[in-house]
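Novice: Here it is: the structure, laid out below.
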Amino acid sequence: MTALKKIEKAAPLPVSTNFGIEGMTCASCVRRVEKAITAVPGVASANVNLATERATVQFDGEPDTLAVLHAIEKAGYAPRIATEELQIEGMTCASCVSRVEKALKAVPGVADAAVNLATEKATVSLISGTADLSALEAAVRGAGYELRKTKPAEASAGDEDHRAAELGSLKSAVTISVLMTLPLFLMEMGSHFISGVHELIMGTIGMRNNLYLQFALATLVLFGPGLRFFRKGVPNLLRWTPDMNSLVVLGTTAAWGYSVVATFVPRVLPSGTANVYYEAAAVIVTLVLLGRYLESRAKGRTSQAIKRLVGLQPKTAFVLRGGEFVEAQISEVVAGDVIRIRPGEKIPVDGTVIDGSSYVDEAMITGEPLPVQKTADSAVVGGTINKTGSITFKATKVGSDTLLAQIIKLVETAQGSKLPIQALVDRVTGWFVPAVILAAVLTFAAWYTFGPSPALSFALVNAVAVLIIACPCAMGLATPTSIMVGTGRAAELGILFRKGEALQRLRDADVVALDKTGTLTKGRPELTDLVAAEGFEADEVLFLVASLETLSEHPIAEAIVSAAKSKGIATAAVNGFEATPGFGVSGSVSGRQVLVGADRALATNGIDVSGFSTEAELLGASGKSPLYAAIEGRLAAIVAVSDPVKETTPQAIRSLHELGLKVAMITGDNRRTAEAIARKLGIDEVVAEVLPEGKVEAIRKLRQGGRSVAFIGDGINDAPALAEADVGIAVGTGTDIAIESADVVLMSGDLNGVAKAIALSKATILNIKQNLFWAFAYNVSLIPVAAGVLYPVTGILLSPIFAAAAMAMSSVFVLGNALRLKSVNPA
């Protein structure tokens, strides 16, 4: 059974939808949301990412987005919904309303749509970040109506607005909390730092009023700025699904509640234990809020690559309307529009130049440092910058179909994916928070039973320290933040990871297998030799061969036809043309049967090519690809073409060797030619004379011995090989990045991108391991310290205040370490 037939018989691929989620703070939240979503009927899988605050949900059939939204809400979190109000033109009756609603609801990412005939408006609820106006407009037009946007999104303007609002809210909360906590801290602990503070308080307001004031300040902190912890933590406790917020609530409430008892009814406590810990409760809230604020700022920096990509597209374009160019919103541009670009302006959408000449800076898209010349019929890409001249072009792709939109989607998909290395984290986070609560209970019991006097005070302080120091956030952020920054940095270098897991697999590669034509070489062969056999004229042979090759799409055919044109040789019509991949082409030209191909093609037809064995050996030794031509069943000529090696290829091979990788070349060329090229470039292994369908078997052979193989090809002809390899890398694809079989796409044809991708993969996985080590080592080592295991030997106990500071900084450390990937510059 062929691969195509297997695909045809396979089940349809699940539909994927992304959901923005508010309220997640730690890895336990991630696990809870995933569990809630996967319980929805029709959901195949759910992948929740704490760093991006998004869930990628795969559906088996028709997506039931409303059910997923309800599941997220039921789990205690808020799905991020944006509301668009749209003006619908052309509706006349209730049937129109039904038709428009149905069309809008069918758009991926639309949670609900309500259309009002009287006002001629539609209110559309969008899952934030998954659908844009152009998709809604296309749906409405497809139903036979016209649409125009009347006002911007109201409920949520998108991820950036959400992050900015959250950051502002946290900043205000931290400021208020600090202003109230500082005097509270000085009243209770000031005498440890400033002599005379205690006497001053006693001589002015007195001890009783001091306690009342501490109670008031601590209460304001807990139920003012700290109320966010209660709103999320308490419901999760009641659902028996505690999270990070629940730990903060338990710890601070225990300290505050004990202090309230000690303040107002101290007689119910054992003698000598009526101590207050108001400052501990307030400082814990303040430090955790500060940690959240710093974490939110760092999270914003991890997504800067996406922000930069989104910022590449201009808001308006000068479009030809009614015989003159007028400024129009980018959302109003449609395929077929004629657009004018002046020097220094950004190109708004993808298109083809119809007039003018200029140089365009495509570095932000392809990573190519030098501007590219654009003339008539040249393709231009939205988001690139016109440098010198003025050009006019016709729009070919707009909205979500543009290359820039596809790149953004690929990067977002990669950033939201999980790596195999995260499996351990997922297993641990399921029981981590309940285990911490159990540890706190055991700590309290142990100190209350066996601790020194006052045992109740010791038990309370140490139990609170255990609750506060535990940090599932660091574990939840360890992997996704590194993936976000790593894939974002890769995008800046023109490297697109279509699948996040390719980051890990690429790092494990042992062998890099390269297709020759178009990958190692420029893919533009040139005719270098044509030696006619006795009884044939060279120009006559070239005429017949070039005529036949006009119907072939192979690069070698283009070289032969181009050579004939340069000599002024006109081609003739061809009858009975046949092409056999990996062998050659045949047909009738001017009444004569012509066959052109490799030696195996002629041998199959019973034609002996040994008469040109000497020439073939010399041509092959010099790296040229020999072909043979037969006319009327007789050997007529040997033809040689040479495909120049890319200037960047030798350095790329050296870079791969420096990374400790074996380099192999897979080609359909004869062995002599292939080995000559391999020697010149320093390639370790050669798999020659491979038919297109034989590349898959070649990769399987290279994989023998347990080796992991990364295959680099053009992404189109090499699709089966790209899919077979452990990691498939499509190189030099230009504007075509929608290659399902490739795990990684290199925007430019520079093979150095392969070494950069591998180096970045290694750096990212190392960064993830550092984060995971820190997250696990932090919790494994400091939770016992907070419980007081060092006290019997050293007399050291960990204050809940220091526990809060350590917990707040642990997530910031993980994020800061991930951000180091932004400066990675692989050679």
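Here the Cβ of each residue, glycine as well, is placed from N, Cα and C on the backbone.
Residues annotated as domain 'HMA 1' in Swiss-Prot, with sequence analysis given as evidence: 15-80. Among the features that Swiss-Prot reports, Cu cation 1 binding site is placed at C26, C29, with the record citing sequence analysis. The domain 'HMA 2' annotation in Swiss-Prot covers 82-148. Marked as transmembrane segment by Swiss-Prot on the basis of sequence analysis: 174-194, 210-230, 246-266, 271-291, 430-450, 458-478, 771-793, 797-819. Annotation comment: Swiss-Prot describes D515 as active site, 4-aspartylphosphate intermediate, evidence class similarity to another entry. The annotation Mg(2+) binding site is assigned in Swiss-Prot to D714, D718.
Distances, neighbours, how buried they are, the whole picture for these features please.
Specialist: The average pLDDT computed over the domain 'HMA 1' (15-80) stands at 83.
Among residues of the same chain six or more beyond the transmembrane segment (210-230), those with a C-beta under 8 A of the stretch's C-beta atoms are 173-174, 176-177, 180-181, 183-184, 187-188, 201-202, 245, 248-249, 252-253, 256, 259-260, 263, 276, 278-279, 281-282, 285-286, 288-289.
Beyond its flanks by at least six residues, the transmembrane segment (271-291) meets 170, 173-174, 177-178, 180-181, 184-185, 187-189, 211, 214-215, 217-218, 221-222, 225-226, 229, 248, 251-253, 255-256, 258-259, 262-263, 453-457, 460-461, 464, 468, 799-801, 803-805, 807-809, 811-812 of its own chain at Cβ-Cβ distances under 8 Å.
Here the transmembrane segment (430-450) has Cβ contacts under 8 Å with residues 26-28, 31, 242-244, 246-247, 250, 456, 458-460, 462-464, 466-467, 470, 472, 475, 779, 783, 786-788 of the same chain, all six or more residues outside its ends.
Within 10 Å of the Cβ of D515 (active site, 4-aspartylphosphate intermediate) there are 23 other Cβ atoms, across all protein chains.
In this structure, D714 (Mg(2+) binding site) belongs to neither helix nor strand by DSSP; it is coil. Counting every protein chain shown, the number of other Cβ atoms lying within 10 Å of the Cβ of D714 (Mg(2+) binding site) is 21.
Listed as Cβ neighbours of the transmembrane segment (771-793) (distance under 8 Å, sequence separation of 6 or more from its ends, same chain) are residues 421, 424-425, 428, 432, 436, 439, 442-443, 446-447, 458, 462, 465-466, 468-471, 474-475, 477-479, 481-482, 803, 806, 810, 813-814, 817-818.
Residues 251, 255, 277, 279-280, 283-284, 287-288, 290-292, 294-295, 298-299, 301-302, 458, 461-462, 464-466, 468-471, 473-474, 477-478, 481-482, 484-485, 767, 770-771, 774-775, 778, 782, 785-786, 788, 790-791 of the same chain lie 6 or more positions beyond the ends of the transmembrane segment (797-819) yet place their CB under 8 Å from a CB of it.
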Novice: Count the Cβ atoms, other than its own, that fall within 10 Å of the Cβ of D718 (Mg(2+) binding site), considering every protein chain shown.
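Specialist: There are 29 of them.
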Novice: Based on DSSP, tally up the residues of the domain 'HMA 1' (15-80) by helix, strand and coil.
Specialist: 22 helix, 24 strand, 20 coil
Novice: Roughly how many angstrom lie between the C-alpha atoms of D515 (active site, 4-aspartylphosphate intermediate) and C29 (Cu cation 1 binding site)?
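Specialist: The separation of the Cα atoms works out to 45 Å.
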Novice: Near the transmembrane segment (246-266), which residues from the same chain, at least 6 beyond its ends, have a CB less than 8 A from one of its CBs?
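Specialist: Counting only partners 6 or more residues beyond its ends, the transmembrane segment (246-266) has Cβ contacts under 8 Å with 211-212, 214-215, 218-219, 222, 226, 229-230, 233-234, 236-237, 273-278, 280-281, 284-285, 288, 433, 436-437, 440, 460, 463-464, 467-468, 470, 800.
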Novice: Determine, to the nearest whole angstrom, how far the Cα atom of D714 (Mg(2+) binding site) is from the Cα atom of C26 (Cu cation 1 binding site).
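Specialist: Approximately 41 Å lies between the Cα of D714 (Mg(2+) binding site) and that of C26 (Cu cation 1 binding site).
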Novice: Ten-angstrom check, please: count other Cβ atoms within 10 Å of the Cβ of C29 (Cu cation 1 binding site), all chains counted.
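Specialist: Here the count is 29.
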Novice: How many Å lie between the Cα of D718 (Mg(2+) binding site) and the Cα of C29 (Cu cation 1 binding site)?
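Specialist: Each residue's Cα considered, D718 (Mg(2+) binding site) and C29 (Cu cation 1 binding site) end up 42 Å apart.
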